[in-house]
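**Student:** For 602-623, the entry in TrEMBL reads compositional bias 'Polar residues'. Marked as compositional bias 'Low complexity' by TrEMBL: 626-645, 653-662. Look at TrEMBL and you will find 115-542 tagged as domain 'Major facilitator superfamily (MFS) profile'. What TrEMBL records for 586-662 is region 'Disordered'. The transmembrane segment annotation in TrEMBL covers 35-57, 185-203, 209-230, 242-264, 270-289, 366-387, 399-420, 427-447, 453-477, 518-537.
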Amino acid sequence: MSYLSVHSIVIETRPKRMELDSALEQLGHWGKFQLISYGLLCVPIVFHAVFYLTYVFTAMDVEHRCLIPGCEDPLQTEFRPAWLTDAVVPFDNDRPVGCYRYKTAPGAVLPDNKSCIASMFTAEEEACTEWVYPKPEVSIKSEWNMTCDDSDWKLTMVGTMNNVGRFFGMPIAGFVSDRYGRRTILLAGLLLAGIMGMLRSYAPNYIFFLAFEFLDPLFNAGLYSASFILGMELMGPQKRVLWSAFTHSVYAVGEAVLGGVAWALQDWRWILRAFYGPAVLSIAVLWILPESVRWLCSKGRTKEARAIIRRAAVMNKMPTKQMDLEEMQASIAEEAKAKKAFKDDYKEDTPSTYWALKETFKSKILLVRLLTCSFCWMTNTFVYYGLSLNSVAVAGNLYLNFMLVCLVEVPAGLVTWLLMERVGRRASMCSSLVLTGVACVAFIFIPDSGGLVWVRIATYLVGKFGITVSYTVLYVLTAELFPTNVRHSLFALCSMIGRLGSVIAPQTRLLARLMESLPMILFGSMSLASGLLALVFPETHNTKLPDNIEEAENIGKPAKKGDAPAANGGSGGLAGVVVDDLKGGDRVPAPVKKTSVAARPTRTSVTARNKKTSVCSLGSVQVTVPEKSSSPTPASSPTSPTSPEAAPPTPSAEPETVTVHL
């Protein structure tokens, strides 16, 4: 039996109040209030998916050829007339070369039927000055003649600039969301992004377009994360995993909607207007969306939080008396006060984050883990977005291909959670990355003609399915690998390095100019390499989140012989607590019959032998101890009578459950 030997410990008893999670559970998960809220949150999620990938179609690479003066009218052209193959322009793989044409022979006369013939041209080539594009597809390339020498890098720069704007916009969105509220960032983000998008649709030149391509994601970067967090904070703890899978599916559907609208309009200006205009108008509907109750409570705005829960109870046809809102408000206020005290105490007694990071980097195990994790993040973002962007270059209908590549994420997101629970994090990530690598390599060897076109497309979809599973697992695995005091910092570092992959992904179009299969070779090789490196990670399924460097290093290692087992990987429960006899000053063991830990940060100061020890903030432990009788008889007291008649036995009282704040 182990004891917590202290000189004095404060034990507080208080009536049970209604906690926020209890209130949310009583409200239910599928009432009218929740369904309306979830439906409204789908709106910014869909818009965020659309805003992120509009550059796939606005900066789409469009086939082009030289305009042949004297042979065709610039206002009435056909992209591949019958006379085009008669030595008028050079061809490459049955496609007209887009930047050169043959020079017109001196004295050549256009025939009466206006059909150019080979005798009108020489074998010498010259650069084009005007171009012809297939109709009706219109992108910034065809509208501003971004062809030949300056076309490739200008078009790929649009996607890179979009990701750079998102890179800077995410921390800003997080700050605004935590400071001013989730609903605020949703409304402000939609409004500002809608204005930026509408202005971009009227761009007169490339520079203007590129500037607003940066400003748009700078403002809309927080739409998905704020919607995701707000939905989680409206739910009870048991339904949050379901919400995660649901939002991922909604996001994929939003991407597919973009492909369908682009297919119908095929004009980059109207594609932007079709989405950004309704985004601004949607604010009128989203205005009724409630603010996060948890965020309001954390800011001490308990009256507003209580009003939202009261409104939810009315909409769900629940009696407000049943919710015990007065008790809940008192509990929330008390919780906020305890958290504030905990933060103040934490600042005094906890080492700085800089010191914790410095110590972490001294650990070879964690340093190798950090480098491996960063490479896996870069691989996942690079391959995930690279496959989405390059889907429009796969043989077949480019719009249909894009929609299929997006919709395959729906089953992938749902399967991920099953895999993580059944086979674990490491095996799920390793197998999904290897699957992606094999699919990308196999795609290269499948011809894009004949009856194998759909086999080629299916192989491409398997690759996107695998990288989606891996990407989802990586979010969970990264959060479980590192110690608590540096977890967020190292997670952010891995994610930031990983964003380099999404910045580089749009540039893979340039690699295809050198060799058509080069992007897929790169996707496949990086996926296979990351899949093998994933074996370096320890398995974190059903393990306790590490709180310090030693615990993080010991993840996946077999327990030492003699260690006491603990629930959830903990260090074991208390078998007893030594509590001072407040009257006689003697220390007697109080056996603990029941223990439970609540995740509730509190502050306690423990004094051991007239010396104040360090403050330990772990939460609150509920223990059941026997109630003292009115005339206690310590067994070890030297003044106690030795005769049984001196102290008649007192019937034991009923045990009392108290809360010890640790």
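Note: Cβ is positioned from N, Cα and C throughout, glycine not excepted.
Set these features in their place in the structure for me.
**Tutor:** Counting same-chain residues at least six beyond the ends of the transmembrane segment (185-203), those with a Cβ under 8 angstroms from any Cβ of the stretch are 44, 47, 51, 54, 173, 176-177, 209, 212-213, 215-217, 219-223, 226-227, 230, 268-270, 272-273, 275-277, 279-280, 282-283, 286-287, 289.
Remote same-chain residues near the transmembrane segment (399-420) are listed as 56, 241, 244-245, 248-249, 251-253, 255-256, 258-260, 262-263, 387-388, 391-392, 428, 432, 457, 460-461, 464-466, 468-469, 472-473, 476, 541 (criterion: CB distance under 8 Å, separation of at least six residues from the stretch ends).
Residues 368-369, 372-373, 375-376, 379-380, 382-383, 386-387, 390, 425-426, 429-434, 436-441, 443-444, 463, 466-467, 470, 477, 481, 508-509, 511-512 of the same chain, all 6+ positions outside the transmembrane segment (518-537), place their C-beta atoms under 8 angstroms from a C-beta of that stretch.
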**Student:** Count the CB pairs under 8 A between the transmembrane segment (209-230) and each of 35-57, 242-264, 366-387, 427-447, 453-477, then give me the winner.
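**Tutor:** Highest pair count goes to 35-57.
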**Student:** Within this structure, do the transmembrane segment (427-447) and the transmembrane segment (366-387) have 3 or more Cβ pairs under 8 angstroms, counting pairs 6 or more apart in sequence?
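**Tutor:** Result for the transmembrane segment (366-387) with the transmembrane segment (427-447) is yes.
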